[in-house]
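Undergrad: Feature table excerpt (TrEMBL):
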SIGNAL    1-22  signal peptide
DOMAIN    75-296  domain 'GPI inositol-deacylase PGAP1-like alpha/beta'
DOMAIN    491-712  domain 'GPI inositol-deacylase PGAP1-like alpha/beta'
TRANSMEM  1005-1024  transmembrane segment
DOMAIN    1009-1317  domain 'GPI inositol-deacylase transmembrane'
TRANSMEM  1098-1127  transmembrane segment
TRANSMEM  1147-1175  transmembrane segment
TRANSMEM  1217-1237  transmembrane segment
TRANSMEM  1249-1267  transmembrane segment
TRANSMEM  1279-1297  transmembrane segment
Amino acid sequence: MASVRPVLMLGLVLVGLFDILSNYEDNRCEMTYMFEYPEYLPVPLSENVTKSFPRYHLFLYGEGAYARQSKNFKLTGVPVLFIPGNAGSYKQVRSLGSVALKKAQHLRTPFHFNYFSVDLNEELTGMFGAILSEQTEFVHRCVLKILTMYRKAETPPKSVVLVGHSVGGIIARALFTLPDFDLSMVNTIITQATPHQSPVINADQYMADFYRTVNQYWQDGMSSGRLSHVTIASTGGAHRDYLVQSGLTSLKRIVPESNAVSAVTSAIPKVWLSTDHLAIVWCKQLVLATKRALFDIIDPTTRQVTTDVKRRMQVFRHHFLHHPGSKSFSLTSVQSVVPPGDKWVEITDEVWEFSETANKDRTNYMFPIDVESGRDTFVAMTNIVEDSWVYLCQEEGGRRCKEGLDMSSRSQLKDTMASVRPVLILGLVLVGLFDILSNYEDNRCEMTYMFEYPEYLPVPLSENVTKSFPRYHLFLYGEGAYARQSKNFKLTGVPVLFIPGNAGSYKQVRSLGSVALKKAQHLRTPFHFNYFSVDLNEELTGMFGAILSEQTEFVHRCVLKILTMYRKAETPPKSVVLVGHSVGGIIARALFTLPDFDPSMVNTIITQATPHQSPVINADQYMADFYRTVNQYWQDGMSSGRLSHVTIASTGGAHRDYLVQSGLTSLKRIVPESNAVSAVTSAIPKVWLSTDHLAIVWCKQLVLATKRALFDIIDPTTRQVTTDVKRRMQVFRHHFLHHPGSKSFSLTSVQSVVPPGDKWVEITDEVWEFSETANKDRTNYMFPIDVESGRDTFVAMTNIVEDSWVYLCQEEGGRRCKEGLDMSSRSQLSPPLYSGHKVVHLHLASYRSFSHVVVSIPKSSKPVKVQTQFYNSSEKAEDLQVPHVMSFAIQRVVEIKVPNNTMFYNISVVGLQEVYQAFTASLISDCEDSSDNDWTKMHLHIPWFKEDVYGVSQGSRKLSLRLQSGKLVDETTNAELWLYLNPRCSYKVQVWVNLVEVLGQLMRFHGIVLPALTVTNILMVLSYQIRTIGRGQPCPSFSEAQAAFCQPYRVAPLVNLFSLLISYQGARLMYLSLNVPLPDSEVMKAQGTWFNAMPIQFFFFANTICAMVSAALFGGVTMIGYCMVWFGKKPTDPEEMTRKAPHPAALFVISGAFLAVASQFSGALAFALVLALYFGKTCRLYANTITLRNCLNLENDKKKPGPLVDAEDTFHLQYTILYLIWFISMLYMPSVVFWGKNFNFEYRLPADPALYTAAAMSACFAFLYPLQGCYLRKKRSVVWLSWLVYVSAVFTCMYCMVALYRAPYFILAAFLLVAFCQRM
């Protein structure tokens, strides 16, 4: 295939053109309809005119009876001449002509309009200016001809109304430049989408000279009064008209406002929409507005257009600029009247609303005027249909008006349809969020149903446990008869304890519990399971780590209680199986770290979507310490053998779980593979799908896999969980990693057997296929092994249901096997679900003592299919170098052509190693037969983690190539794309970068760094503001400082340089000797999620987020500030207003109060109070700035800063500090939620992550609150200290991207520096 770059570039150009042509509102113009057939009557012109202008013609528009009456051209109406524009048709007159004709007939007015239209041969006047003068002369002859047609009329017209579209409007004005043109013949011009200011394209000299002559003539004519009798109304089409910009339609500086009205259709009353260049002549809303204007400029005496210029302009302003909503136009505007009606009610409310479905009596509502109090403006909005509805009056005794002014003409019609632009922007934002949250496969989980009503029996705990843990409880799950039997808690089954996770419910146990109960009843096994569940009050354990230790201790007490409930059982259990969802899995592992915990009480743990590697959000120090302690204990315990009896199975939810990345669910480097299995649901046999964070506990496919594993680890002798670690691990690997498709689990893997059956057939084909709807006899097909020829691998795919179906054997005389090995346990189940497909790969170099591979096809009444292939592992494999997503090769499509007659092909995807990468693989075939779609598969195999993804060609043959865990430094293998194909078809594979999924991967795996980088931006702003003030310059606003100083090159290179430095062994050892934590870049490298461009890329994202949040916060400050100005007491002394501050003693008292709140209640609550007080102060500072700016008429002087400069400096500085306090408060919000939720149990937060930071904030408050910008001005030391704030910003980026809980410490360090600056 040729490179797709030209195609992509052409696509970008086309997208740009499409945006130009369509980036406006929808066409909301209504159509104008002709109720009778339109006719265009050719007007006979003189022979001289016809010879001089053979291309042009003049027509009279008519319909029905009017057209028939007008054929003799004995006319008596008002003449209107339509002049089309660039490539325009004379038939464009029909909308105006038809509407005017019908209105005159409907209203039976004593006058009507005669609409003429010139045919200018649809010439390109907008591109070829040489013909403009000729067309202007022809229009002149037409005007003369039209006026001669009225000589016999009772009141012959003396002028013609001109309506010009596009360039036709310029021709209308150009008439006046002709030497022999009588200026009195035209006094009214209406133009539509006419570029008056200049041509759209200045294509030639004629065009430029024509425009220059016309505009200069009109400027001179209006100045001299020669054209003062002419009035013009010009309308533009707004954004939909991409041919003529609306600004060009303005008559400003050409015709004075006393003689011209210029408006855009989106602003014209009763139009309020945008029209394109052609629609403007037929848009019903604009046609009606133009028609009303023409009817209203008719003098009822002469029945022609009035010669009163003032009246015509009043009409144009009424219809095109300011429509009061009256039913008809009136010359009188404000008139003295007494409001009608006898019912009067006085309203003193500042804001008042009246709404009724119907109003029975006329009522006059009186609103007292009190300008002295500052209420100097009155606004009202209504849907009253009467013309007169609002008055100014003088009160008479008895709360009535004795006289008044009708002010209704000052009202303005309002568009009822709000602007759609905010809705469109919001829609784009929602679409972006939807892509982040839904860019994965559909939810294919089947539901698990309870066949009887579930019951949760509360397990009585000791009084000591109840008092120590009043918020927590223990329940036993049951259904139906089992629940009734279990109410006495005399249990004999296998105990399983479910531990919910972050905000999880104890009721989430029901899927596992119900399925296990029903299977035991169905199979009549000699054992069953007792499912317990702990109620942890649905607390936010994923956001608030201080409660994890308490929950762990409660689970310990529950395990002890559960084991005591089996003392009277025949074979009492010695251990409890733990099943933990989300953070519940960490709590299960944390049990072993308790000093008094007996490790023998738990030997099996199953976790679901548990972030083992690190917390999803490292929100506080307790969370970090908890994870560090647990993981270090398990590493040491496994190394020493102290925990060697424990086995763990960890499952992740794949791409649908956007809360916990699947890479975090891995137990790699925590628990060795001899004791742990880690897998993602998309790779687990008989599951093969992705689940979200909650669905993983009820997804039927996974519940069944977990249930089968639990049943298979039961020792039939003791009827309890086996103590054999090896067996438990074999079971876990069987159900979660490598399922051969056998009906039941078996400890034996490869065993010596002789394939059954008497029918033997030898197959020598390299690729072989067997397909029958039914098989009558068992047949053993023998495939000779010939490793020497290079065919060192055998692959087979089948749907045979028997457990044993593929063997290695040594041939005996007569083409039979005398002995062999059953290799069926080496096969692997393959999707789709319920298909029974199995695949086996046999590497024959290790089995040189055997002569044949045997596939035994049993007797079957169902369809049986087998595909086999011998191949050279080096020939049926190829490397595919994917393009880097951040290179210029991003548009490149990489293609591999698969050799013909291939059943299996292995593509090594070189370069797929970062989690932010995302590609799409497309399998293209020349086969039209779709019967084998289920057998054509793509399998993305990831060697370093069980996160394989399958793509079965059921319609779409595309597979998303994305990682769920990064490739670590010590990994040398590549991801592989395995293709299982129809050997009768030809295939090729195309791979390209999927940019949408790349963005999704970036946000999914790296979005956690955004808060820290946002803080980095704010600290950089604070540093720049302090430095600017220290240099004696005015303090910039937050947005100005962010634009000036917040660039990624000021931070990101330092982070990367430091990361590179400590990657050297010597520097790393020196650094570790300081007992300082490693930077977060090293943590992310260990998790495989770091790449060098990440700080730069996400700095841009954080910069935008920082600006958006700042805009919202600033909006709140300004709103409250304006309210303070309007309703608060305005100080009169600017010095007092800018310099006054609370007494230091009072500030220290407030600081002490905050410290008391932090120590006795919650540090996060103290931060919330500081935030509230600081928000009020910042609002007051903004109000003071407004007052100084508007009332004192002060100017900012850089040389001599005055009160206004000081006020603005103080506000900008304190606003940035407010922003930082807001961030800390949001970070500690889970603490406030937990404290409020459990206030009934304990008013003091037992383990408070915000205690010390709140104490430090309380100390800083007394110095920050009275901070004034003038205190820092022109101090060299302040400039030096500002760079320390910048260093704090850099450290925030280095150490807080993952460990977010460290950010408040760097913020408080900056606060201390600012407070120190004030006292210097």
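Heads up, the Cβ atoms here are built off N, Cα and C, so glycines get one too.
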Undergrad: Residue list, the transmembrane segment (1005-1024) vs rest of chain: Cβ under 8 Å, 6 or more residues beyond ends.
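TA: 616-617, 661, 663, 915-916, 1036, 1038, 1041-1042, 1044-1046, 1050-1051, 1089, 1094-1095, 1098-1099, 1101-1103, 1105-1106, 1109, 1213, 1216-1217, 1219-1220, 1223, 1227, 1282-1283, 1285-1286, 1288-1290, 1292-1293, 1296-1298, 1300, 1303, 1306-1307, 1310, 1314.
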Undergrad: Below 8 Å between Cβ atoms, which of the listed ranges 1098-1127, 1147-1175, 1249-1267 makes the most pairs with the transmembrane segment (1217-1237)?
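TA: So the stretch in question is 1147-1175.
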Undergrad: Please give the average pLDDT for the domain 'GPI inositol-deacylase PGAP1-like alpha/beta' (491-712) in this predicted model.
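TA: Taking every residue in the domain 'GPI inositol-deacylase PGAP1-like alpha/beta' (491-712) and averaging pLDDT yields 94.
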Undergrad: What else in the chain is close to the transmembrane segment (1147-1175), if you only count residues 6 or more beyond its ends and a Cβ gap under 8 Å?
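TA: Hits for the transmembrane segment (1147-1175): 1116-1117, 1120, 1214, 1217-1218, 1221-1222, 1224-1225, 1228-1229, 1231-1232, 1235, 1243-1245, 1248-1255, 1257-1259, 1261-1262, 1265-1266.
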Undergrad: Under an 8 Å Cβ to Cβ limit, what residues of the same chain, 6 or more beyond the ends of the transmembrane segment (1098-1127), are close to it?
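TA: 374, 1002, 1006, 1009-1010, 1013-1014, 1016-1018, 1038-1039, 1042, 1046, 1048, 1051-1052, 1175-1176, 1178-1183, 1185-1187, 1215, 1218-1219, 1222, 1293.
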